[in-house]
Amino acid sequence: MPAARYYSGNHKPIDEEKHDDGGPPAREVSGGSEQGTAIVESAPLRRALHGRHMQMIAIGGSIGAGLFVGSGSALSTGGPASLTIGFIIVGFMLLCTMQALGELAVLYPVNGAYYIYMARFLDPAWGFAIGWDYALGWLLILPFEITAAGITIQFWESAKDIDIGVWIAVFMVALIVVQFFGVRGYGE
């Protein structure tokens, strides 16, 4: 399988070739200490998600448990106008960030999370630190999200008598089961 070589020192492609399936070429970044980062990918990107999957993942990611749990205190303290203005400001900043990340993903498609771009364009140590920050962040956020989902369900009249630990266990089992189905199962 042919691969394209990219040197992160000047960010110019060398020997770019398409795969037989018409997909983007695999990226292989090489070079010494004076040329930059060394990132090697052996497999090309696989596109297993459809547009509807991506839209639902985006909606589900933006309407998370933090919206329900965290917005309550901000709404009671500042009122609806300040909450709306805050959402607009943060939404604009996130729009700019995601637009930049989307442009990077289109120009340099890679197998992996966004920390690979940090390692490539800034420094391998920076990419390493961001990767660990991303992993530790999810290790802290996931229990909060599951607990917040259990708290949200306890507001239902039929679920008031069930302990929150039961709901946490149900959501944990559901997350583990989804992991067995890969990206396609996550999308559905």
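Each residue, glycine too, has its Cβ placed from N, Cα and C.
Caution: TrEMBL annotation is automatic and unverified by curators.
For 12-22, the entry in TrEMBL reads compositional bias 'Basic and acidic residues'.
What TrEMBL lists as domain 'Amino acid permease/ SLC12A' is 53-188.
The region 'Disordered' feature in TrEMBL is assigned to 1-35.
The transmembrane segment annotation in TrEMBL covers 56-75 (among others).
Feature annotation from TrEMBL assigns transmembrane segment to 81-102 (among others). Below 8 angstroms of C-beta separation, residues 71, 74-75, 114, 117 of the same chain, each at least six residues beyond the ends of the transmembrane segment (81-102), sit close to that stretch.
Annotation comment: TrEMBL describes 138-157 (among others) as transmembrane segment.
Residues 48-49, 142, 146-147, 149-151, 153-154 of the same chain lie 6 or more positions beyond the ends of the transmembrane segment (164-183) yet place their CB under 8 Å from a CB of it. According to TrEMBL, the transmembrane segment annotation covers 164-183 (among others).
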